[in-house]
C-alpha cells in the first residue's frame, strides 16, 4: 500500500528532495561503516566511537522531524480507523511499512556497520552484528514513532501546550550538545578522557548492538544473550506504547471544540487598538488568534526559531566563539518565515471562506503579512537593539538596522509566495493529526524548499549588504548607515511586490489552490 501511494503521489520536487536526502544519508552511513572497517590502535576506541555515532543516529530520527516539520506520514493511523484491526496488529503493520523509505534504507546501511565490525572479530560476532543490525533499525524507527506521537498528543491538548512547547524547545536546543560533541567529544573519546560519557553510550539501547558484537568477539555469549533479551523487551514495550498512542490518535480527536476564555475588556480594547478597524485588521486579528491556538503553527514557528538559536548561540554555550551571536535577532527573522510558509495548507479547506467573498484576496494576503510581522518584528527589534551593544559589537549596528527591515519585508512577502505557489495539503488535526504531520510529504523536500526561500531572502538583502561591504572596504561609516534607509525601502518594496504577486495568484488560481490544500481533509 505504501509503495502504491508513493508511486502515485511523488512529483518532481518530492523526488528531488528524496534524492538529496538519500545522498546525505548515504554519506552518513559511509562514515559510520568507515569507523567499523578501519582498525585502530586500541579496540575500545572503535566500540566507543560506534556507540556514540549510533546514539547520534537514534537522536537524528527524533530531531529531524522536529527541525523540518516533516516525517513519514504516507500511511496514517486515521486511514484505518474504520477497519476492524487490533491496535497491536495495526502498530506492527505500520511499523513494517515504516521500513520502506530512504531514511530507513540509509539507517540500515549505517547499522550494517555492526556486521562489518563483527567480520573483524569472527563469524560468530558477524552473525550477532547481522541480528542487531535489524534490531537497531527497528529500535530507532519505533522510538521515532513513539516520541513523535507522544509529543504530538501533548501539543494538541490545550492544557499541555505550555509543557509541550518547553519540551520541543529543550529538544531543539539539544543542537548545542551536538555542536559540542562535534568539536570536543570525538577527540576526547579517542584519547580516553571521557570514561563516564562512554559508559552512558554503552548503556543506552542504541549502543547495545556494538557492545554485543564486541562481547561475541571476546566469547562472552552470556552478555550477548542478555543484550538480545533486553533489546527484544524494549521493542515489545515500544510496540505496546505505540499501539496505545495509535488508539488514542484514532479514537480521540485532538480538537476539543471552542473553549470558554475570559478576556478582560481592557485587554481586548488594547488589542483592537493595535490593529486597524479594516478587513486587513480583521484578518490579522484572526491570524494572531490562529497562531496562538493552532499547535501545528506553534511547532512550525518554534522549530525554525530554534534553528537560529542553535546556529547563533550554540557555539558560544559549547565553549567556542560565534560571530553570529550579535545577529541573533536578524537570524530569527531569517528562519521564522521559512517553515511557516504553508499558511493555506495549514488552513486546509477553510480557504473557501475567502474565495466566496468577492475581492477578499487582498485583505487576506495583507492581513496574514501583518499578523506575521506583529508576531516576529517586536522581539527581533529588541534583540537587534540590545545584543550588539551588550556584547561589545557596536560596529554591527549599521548592518543589523539595515538587514532587519529588509528581511522583515522580504520574509512577509516570501511567506505568502510559498503559501500560494508551494502549498501542500496537511492532515486535519481535528481527526487526530499530529502537529508534525506533513501529509506524506518527505522532510527532505521541505528542506529544499527552505533553501530556495533562503536564496530569495538573501537576494532581498543584497542592496544592504552591498552598501555595508562597500562602506567597510572604503572605511566610510556613512555609507554603511545608508544601508538603513536602503533596508527599509527594500523591505517595503518586497513585502508589497511579493504580496501583490501572491494576491493575483490567489485571485486567479484560488479554486486550484483549494483543491490542492483540501486533499487531506
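Each residue, glycine too, has its Cβ placed from N, Cα and C.
What TrEMBL records for 20-41, 53-71, 92-117, 123-151, 163-182, 227-246, 299-318, 324-344, 370-391, 397-426, 447-472, 478-498 is transmembrane segment.
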### Task
Return the stretch with the most CB pairs under 8 A relative to the transmembrane segment (447-472), choosing among 20-41, 92-117, 123-151, 227-246.
20-41
### Task
With the transmembrane segment (92-117) as the reference, find which of 123-151, 324-344, 370-391, 397-426, 478-498 contributes the most Cβ pairs under 8 Å.
123-151
### Summary
When counting C-beta pairs under 8 angstroms to the transmembrane segment (123-151), the leading stretch of 227-246, 324-344, 370-391, 397-426, 478-498 is 227-246
### Query
By a Cβ-Cβ criterion of under 8 Å, what residues six or more beyond either terminus of the transmembrane segment (370-391) are in contact with it?
274-275, 280-281, 283-285, 287-288, 291, 301, 325-326, 328-330, 332-333, 336-337, 340, 397, 400-401, 404, 408, 411-412, 415
## Note on the structure
With the cut-off at Cβ under 8 Å and a gap of six or more residues from its ends, the chain residues touching the transmembrane segment (227-246) are 77, 87-88, 90-92, 94-95, 131-132, 135, 138-139, 142-143, 145-146, 149-150, 153, 205, 208-209, 211-212, 215
